Amino acid sequence: MKHIITPYEHTNDTARNNSDCPDVVLPEEIFFTISIIGVLENLIVLLAVVKNKNLQCPMYFFICSLAISDMLGSLYKILENILIMFRNRGYLQPRGNFESTADDIIDCMFILSLLGSIFSLSVIAADRYITIFHALQYHSIVTMRRTIITLTVIWIFCTGSGIAMVIFSHHVPTVLTFTSLFPLMLVFILCLYIHMFLLARSHARKISTLPRANMKGAITLTILLGVFIFCWAPFILHVLLMTFCPNNPYCVCYMSLFQINGMLIMCNAVIDPFIYAFRSPELRDAFKKMFSCHRYQ
């Protein structure tokens with residue numbers, strides 16, 4: 001989205017001249033390499049779930065949704081680099097119709113990546129909550145049918161929101177909507193965590209009898225959430241500063257780190273699959289089978 005994800009170099013030149021902070025420029029090869037790795041890793045996660053019937057359950061479907069979100073974020077950067085390469089070599093007319101349309105599609109993928117991650121983490125949090133505090137009713141509450149319906153609604157909403165944000169990208173309310181979803185997701189999950197903590201204190205004996213995997217899933221969610229905040233929060237702050245104080249020297253100084261903030265987003269897609277593999281023995285076994293070329297039963 002041109003107004004939301006326009007790089008730092010489009011910031012007011014006068015403001016940049018008044019800042020003592022030089023632009024931090026990273027080679028495009030770094031972005032491209034990280035993005036390729038992110039796509040391949042998350043594709044492996046998707047293939048593992050598709051090919052292994054033991055992994056075809058609600059929890060792993062939610063993880064697949066998060067993997068798709070991460071993959072879209074990586075594809076965004078790959079396609080952007082390809083578009084820039086074609087333009088620099090004269091294959092595309094600068095600011096032509098094709099480039100503008102391609103820009104909009106690529107920007108929509110970026111927004112889908114953020115929105116998809118937000119909602120995927122939220123449903124994973126809800127799933128973990130039900131697993132811990134409604135363990136006996138879990139399979140009647142979280143059915144495959146409800147899981148598929150939930151994910152379908154989420155991605156339809158994300159796609160519609162992404163298209164709308166691209167169309168109205170130059171309006172401040174759009175930026176506020178884009179950035180507000182991030183803290184709203186954190187508030188939702190924080191409320192779940194507080195409720196889980198309060199219930200845990202009053203039902204300590206009951207929770208101690210739960211399977212270890214249930215509690216392990218909650219810890220995995222905490223790690224995923226921490227990585228997501230660490231990787232995306234700097235960029236969200238960049239967008240807010242670019243919108244509300246683009247000429248302030250301190251804001252401009254922070255915005256000089258744009259490419260580092262962008263690299264953190266790419267790293268999120270690379271880190272998540274390692275978390276899945278490290279925390280899930282089932283997924284780890286599926287990876288081993290894939291790489292050892294064993295046939296799935």
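Indices start at 1 and increase along the chain as displayed.
Heads up, the Cβ atoms here are built off N, Cα and C, so glycines get one too.
DSSP assigns Cys253 (disulfide bond) to a helix in the three-state reduction. Swiss-Prot lists Cys21-Cys253 (among others) with the feature disulfide bond.
Annotation comment: Swiss-Prot describes Cys245-Cys251 (among others) as disulfide bond, evidence class similarity to another entry. Counting only residues at least six positions away in the same chain, the Cβ atoms of Cys251 sit under 8 Å from the Cβ of Cys245 (disulfide bond).
Residues annotated as N-linked glycosylation site in Swiss-Prot: Asn12 (among others).
Look at Swiss-Prot and you will find Asn17 (among others) tagged as N-linked glycosylation site.
Look at Swiss-Prot and you will find Cys293 tagged as S-palmitoyl cysteine.
Taken from Swiss-Prot, the feature topological domain 'Extracellular' covers 1-23 (among others).
Mean per-residue pLDDT, taken over the topological domain 'Cytoplasmic' (50-58), amounts to 88. For 50-58 (among others), the entry in Swiss-Prot reads topological domain 'Cytoplasmic'.
Residues annotated as topological domain 'Extracellular' in Swiss-Prot, with similarity to another entry given as evidence: 80-104 (among others). Outside the topological domain 'Extracellular' (80-104), and at least 6 residues removed from its termini, the chain residues within Cβ reach (under 8 Å) are 2, 28, 31-32, 35, 166.
The topological domain 'Cytoplasmic' annotation in Swiss-Prot covers 127-147 (among others).
The DSSP breakdown of the topological domain 'Extracellular' (169-180) into helical (H, G, I), extended (E, B) and coil residues amounts to 9 helix, 0 strand, 3 coil. According to Swiss-Prot, the topological domain 'Extracellular' annotation covers 169-180 (among others), on the basis of similarity to another entry.
Taken from Swiss-Prot, the feature topological domain 'Cytoplasmic' covers 200-217 (among others).
Annotation comment: Swiss-Prot describes 245-256 (among others) as topological domain 'Extracellular', evidence class similarity to another entry.
According to Swiss-Prot, the topological domain 'Cytoplasmic' annotation covers 279-297 (among others).
The transmembrane segment annotation in Swiss-Prot covers 24-49 (among others).
Outside the transmembrane segment (59-79), and at least 6 residues removed from its termini, the chain residues within Cβ reach (under 8 Å) are 31-32, 34-36, 38-39, 42-43, 45-46, 49, 102, 106-107, 109-110, 112-117, 119-121, 123-124, 127, 131, 144, 147-148, 151, 154-155, 217, 224, 262, 265-266, 268-269, 272-273, 276, 283. Taken from Swiss-Prot, the feature transmembrane segment applies to 59-79 (among others).
With a cut-off of 8 Å between Cβ atoms, the residues of this chain six or more beyond the transmembrane segment (105-126) that come close are 1-2, 4-5, 59, 62-63, 65-66, 68-70, 72-73, 75-76, 79-80, 83, 150-151, 154-155, 157-159, 161-163, 165-166, 169, 178, 181-182, 185, 188-189, 192, 221, 224-225, 228, 232, 268. Here Swiss-Prot flags 105-126 (among others) as transmembrane segment, drawing on similarity to another entry.
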Spatial neighbours of the transmembrane segment (181-199) not adjacent in sequence (6+ beyond its ends, CB under 8 Å) are 114-115, 118-119, 121-122, 125-126, 129, 132-133, 218, 225, 229, 232-233, 236
Across all chains shown, how many C-beta atoms besides its own are within 10 angstroms of the C-beta of Cys251 (disulfide bond)?
21
Would you mind splitting the topological domain 'Extracellular' (80-104) into helix, strand and coil residue counts from DSSP?
17 helix, 0 strand, 8 coil
For Cys21 (disulfide bond), list the number of other Cβ atoms lying within 10 Å of its Cβ atom.
14
